[in-house]
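J.: One structure is given below, represented as structure tokens, and several questions about it will come after.
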Amino acid sequence: MAVMPPRTLLLLLSGALALTQTWAGSHSMRYFYTSVSRPGRGEPRFIAVGYVDDTQFVRFDSDAASQRMEPRAPWIEQEGPEYWDQETRNMKASAQTDRVDLGTLRGYYNQSEDGSHTIQIMYGCDVGSDGRFLRGYRQDAYDGKDYIALNEDLRSWTAAAMAAQITKRKWEAAHAAEQLRAYLEGRCVEWLRRYLENGKETLQRTDPPKTHMTHHPISDHEATLRCWALGFYPAVITLTWQRDGEDQTQDTELVETRPAGDGTFQKWAAVVVPSGEEQRYTCHVQHEGLPKPLTLRWEPSSQPTIPIVGIIAGLVLLGAVITGAVVAAVMWRRKSSDRKGGSYTQAASSDSAQGSDVSLTACKV
């Protein structure tokens, strides 16, 4: 089944970095599946992507020529052919499950065969800085609305729709939660630890933001101050504006964190200020790559050049990334900070022939 899906490309773009919330000191592995029916044009399109923290590492697209799970990060390419064979089998099995589920759900909702419908799934696990299991997830949605979710106890389900009560009863009878919990607490954690170790130069690094401020006159009476943070990793960052030391949260225009195209991220926050009062406003930047928070104030004598080319390039790449990974869902926001890198010993039981994802064929709606 599915996870809360974006229904338009705009939502997909705005949700590019909207991964599930994690806590301080933790790391996460998430898989996002999306299936979209297309009546009269063959079988549904199935796209899956896997993320470790903010980094996409695998991708599968049923429309691709290869029909294979494909690497999206250098450190995953070292996995052997057994790994890729199993991952591909899991993806194809999940695609077929979703194909059946789309028909089942259409019946639950008494919908005609003419319209296009969407199923999504998000599942995964978090580990702490010591590599131990913290929590697991499984959330599903249908046509952009919550459908069913695994509860925090990993033993029960919450149905968010009347039709989902049917699914809940089916899954309870099939002991689906127990099967999923075994994966989340076991193989999911083992593979996440393995990935963190193999990709530690990328996944456990911290790149502090490069910051500056720009000034944009609106009229003779007002101007926009924009606070920029560029080239940082991980994606979690806080930009806040203050006026005479008081937070201006409600008056701040804040964009979603965006990939820059080089493995780092970008973000800006802006406020409209009365002309002549710019010095009363300060921008405060917090990121784990900084030894202490930064405070920026507009300095008229040293107005920087806005890196428009870099920003546009990042936005163009963002479109390509999300179109290729149609599943980075719009609901979940990474809000953690202070994720400290550690050494994650590879679990001996991480069998490449099993793969790090899970075939969800048992969870038919």
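Each residue, glycine too, has its Cβ placed from N, Cα and C.
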J.: Based on the record in Swiss-Prot, give the one of Cys125, Cys227 in a disulfide bond with Cys188.
T.: Cys125
J.: Per residue, counting other C-beta atoms within 10 angstroms of the C-beta, which of the recorded positions Asn110, Ser356 reaches the highest number?
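T.: The residue with the most neighbouring Cβ atoms within 10 Å is Ser356.
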J.: Which secondary structure state does DSSP assign to Asn110 (N-linked glycosylation site), in the simple three-class scheme?
T.: coil
J.: Is it possible to list how many residues within the region 'Alpha-2' (115-206) are helical, extended or coil according to DSSP?
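T.: For the region 'Alpha-2' (115-206), the helix, strand and coil counts are 36 helix, 29 strand, 27 coil.
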